[in-house]
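**Q** My questions will all concern the structure given below.
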Amino acid sequence: MSDSEDVALSELSSRNGIKKEDEEMPLAQLNGNGNAKLRKRKHSEKSKDDHKDKKRKKEKKLSKEKVNNKVKDELISAPVTPKKTPKISKTPVSATSSPAPKKEDSVETDEGYKWWEDENFGEGDERWQTLEHNGVLFPPPYEPLPSYVKLYYEGKPVDLPPLAEEVAGYFAAMIETDHAKNPVFQQNFFNDFLQVLKEGGGCNVDIKEFSKCDFSKMAAFFEKQREEKKSMSKAEKQRIKEEKEKLEEPFKTCLMDGRRENVGNFRVEPPGLFRGRGAHPKTGKFKRRVFPEDITLNLGEGAPIPPPPEGHQWGGIRHDKTVVWLAMWRENISDTFKYVKLAANSSIKGISDMKKFETARKLKDHIERIRADYQKMLKDQFMQNRQIATATYLIDIFALRAGGEKGEDEADTVGCCSLRYEHVTLKPPNKVIFDFLGKDSIRFYQEVEVDRQVFKNLRIFKKEPKGPGDDLFDRITPTILNKHLQNYMKGLTAKVFRTYNASKTMQDQMDLISNEGTVAEKVVKYNAANRTVAILCNHQRTVSKNHEQAVKRINDKIRELEWQKIRLKKMILDIDETEKKDNPKYFEELDDLTNDEMNVIVERVIERQKDQAEKKWNRDNEKRKMEKEELLTKADLQEKLDKIEETRKDYLEEIKTGVVRATKGSSVSSLKSKVETVENRIVNTSYQLKDKEDNSEVSLGTSKMNYIDPRLTVVFAKKFNVPIEKLFTKTLRDKFNWAIESTDENWRF
């Protein structure tokens, strides 16, 4: 999957979210007799759905929509063709392609279409019958730097060809980042920079060493651009946003079987320097610009072909109803295909998600037999069967990914089947230490107790002459393992265990939760259950640089609320001193904060109020300027700041005397009601703090989005009367609308 980090910082265009979907690639094929380890994955741009039961009963007529994807009339420099091109039948399309279709009012929108109530939806080989779309949105062409902004080599200014200048600019724009300080990143960048420089005809200086390059002038230019962007007025930002939305609008949706569906990633990735995750060997390499000639479109037969940018033509046109991508191209870094597909909230993606979770749910009917069988196979006389059983055990019990072989130019991440000698340490009688880099180069480190026979098998798998670098499971691959699992259940693969165990664990955790407490308390309980799943799946994350500041802000907020509560209770005593005699426990916390602590709180509150007043003054003036009204003066602002300063003096006087005068119109009952409100806020904020600290190193979102059946979250929301908005973000509510609409509180995984 493409990483949003790969967006070039020197581009002012928006981030792109192109995904690389593995389901478009065939399963790796075995060499020879099937026992040899697969050394290289074979890629293909085409894959077919496994469901072949029924065909759609009716073909819906497609209303035609006017294609409005006129691309800016800016010249695009000559394309750089990737090393390999897709082996597909190409239909060249010139810039004068078919006219755009007329838009009709009869187009059915996807909104409100409940595909999960259609028994035939998603069945059969063909995923759609009619498909129209407007192609893809290309990033803006490169804008050369001003003549005074140059790369320097040994103190001399360098006149670079346009493409070489562009590549140098990508490095300069991120020169202060950790990536740019990585020696591997620097070397890969410099190698590609020299190659691009050679392609462009060279320059006036003989550049040979990275250490002699001075990017400071370029870096300063990009920093100035960033500062200018930050200092834009609200009106300017709004104008840019509207222009961007207008440009993107034609590409956001497509027409599939007469319904308008959202497109998930309609932008072509901009060029830049590849970053990658973890210790990726290709970090820093130049990700080249993608041109129309590199792109193949998938459309319905007879559908109007979107016109390519002027002077270009599409690489090919396909009419493949068995796949759901709209466009594809080969990316030069990983030499794999990237696909433009429908959005997460589309009907096609929804049915895919539902089938995934239903497949995992069906596993509960087979899991006991599978476990009984692999326990027997652990002692099988054939070594391959022992390895299959041992791998299945590890995948089932410890939620390991299946894993596959990686090339030398890929990050050294592993899963169960690709574990090597050095990744497993054995401690008799039955303890195993796993230590390896998993997906996204996240370290998997666990010391666990395993079945005695599993321990014995692992010891056998590590026997001499094996040593560091040798495969532990040298008789199996994920393909062999999955073929074995297919005997138990249609669609069962190693990764289904992960979804099953994540959802089963969530169900078990939810069964332990009592329906008590406030909404905030229930959300914390839900997150604790989610965290158990995330830990099982090893969904870690690095503690953010801002974590300590975020925790401090929440702690400060709690202290401010405690101070507010003390002030309110002192107001009660100002009205009726006998309250303290009648209920001394209620007033015990009056001395919880020292005068020094309260002074610090007051200064913080006052500074925030002043800052808010200045920001509001600026916002109001922006609005008045747009509406051509008289602007507020500095005197107006100063008047507000003076009032805030008076409040500050009053607060400090309260701290000094210990007396807080009740506000006009206050009563004991109204003040007690306010105290209760503040106490509830303290409780809720404390839960927020606990959540923040508990989940600082655990990523809850990954398991919630990909592994926990969303219907479990819906059940929790309905059963415990928690608004679904507290558990699912807007994105997840859209993605899992099918679960929200079709699940009641009695559903079980």
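Here the Cβ of each residue, glycine as well, is placed from N, Cα and C on the backbone.
The compositional bias 'Low complexity' feature in Swiss-Prot is assigned to 79-94. What Swiss-Prot records for 345-749 is domain 'Topo IB-type catalytic', and it gives sequence analysis as the kind of evidence. The region 'Disordered' annotation in Swiss-Prot covers 1-110. Annotation source Swiss-Prot lists region 'Interaction with DNA' at 401-406. According to Swiss-Prot, the site 'Interaction with DNA' annotation covers Arg277, Trp325, Lys356, Thr413, Lys439, Asn482, His539, Lys557, on the basis of similarity to another entry.
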**Q** Per 10 Å Cβ neighbour count, which of the recorded sites Thr413, Asn482 ranks highest?
**A** Thr413
**Q** Summarise the model's confidence over the domain 'Topo IB-type catalytic' (345-749) as a mean pLDDT value.
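**A** For the domain 'Topo IB-type catalytic' (345-749), the model's average pLDDT rounds to 91.
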**Q** Roughly how many Å separate the Cα of Lys557 (site 'Interaction with DNA') from that of Asn482 (site 'Interaction with DNA'), to the nearest whole number?
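**A** Per the Cα atoms, Lys557 (site 'Interaction with DNA') and Asn482 (site 'Interaction with DNA') stand 52 Å apart.
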**Q** Quick one: pull the CA-CA distance for Thr413 (site 'Interaction with DNA') versus Lys439 (site 'Interaction with DNA'), whole Å only.
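**A** Distance (Cα to Cα, whole Å): 6 Å.
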**Q** Which one is it, among the recorded sites Trp325, Lys439, Asn482, His539, that lies nearest to Lys356 (site 'Interaction with DNA') by Cα separation?
**A** Asn482
**Q** Given the recorded sites Trp325, Lys439, Asn482, His539, which lie within 10 A of Arg277 (site 'Interaction with DNA') by CA-CA distance?
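**A** Checking each Cα against Arg277 (site 'Interaction with DNA'), the hits are Lys439.
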**Q** Expressed to the nearest Å, what is the distance separating Trp325 (site 'Interaction with DNA') and Asn482 (site 'Interaction with DNA') at their Cα atoms?
**A** 26
**Q** Give me the long-range Cβ neighbours of His539 (site 'Interaction with DNA'): same chain, 6+ apart, Cβ under 8 Å, in sequence order.
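**A** Result: Val698, Ser699, Leu700, Thr702, Ser703.
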**Q** Please report how many Å separate the Cα atom of Lys439 (site 'Interaction with DNA') from that of Asn482 (site 'Interaction with DNA'), as a whole number.
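**A** Counting only the Cα atoms, the answer is 19 Å.
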**Q** Tell me, by DSSP, whether Asn482 (site 'Interaction with DNA') is helix, strand or coil?
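**A** Assignment for Asn482 (site 'Interaction with DNA') reads helix.
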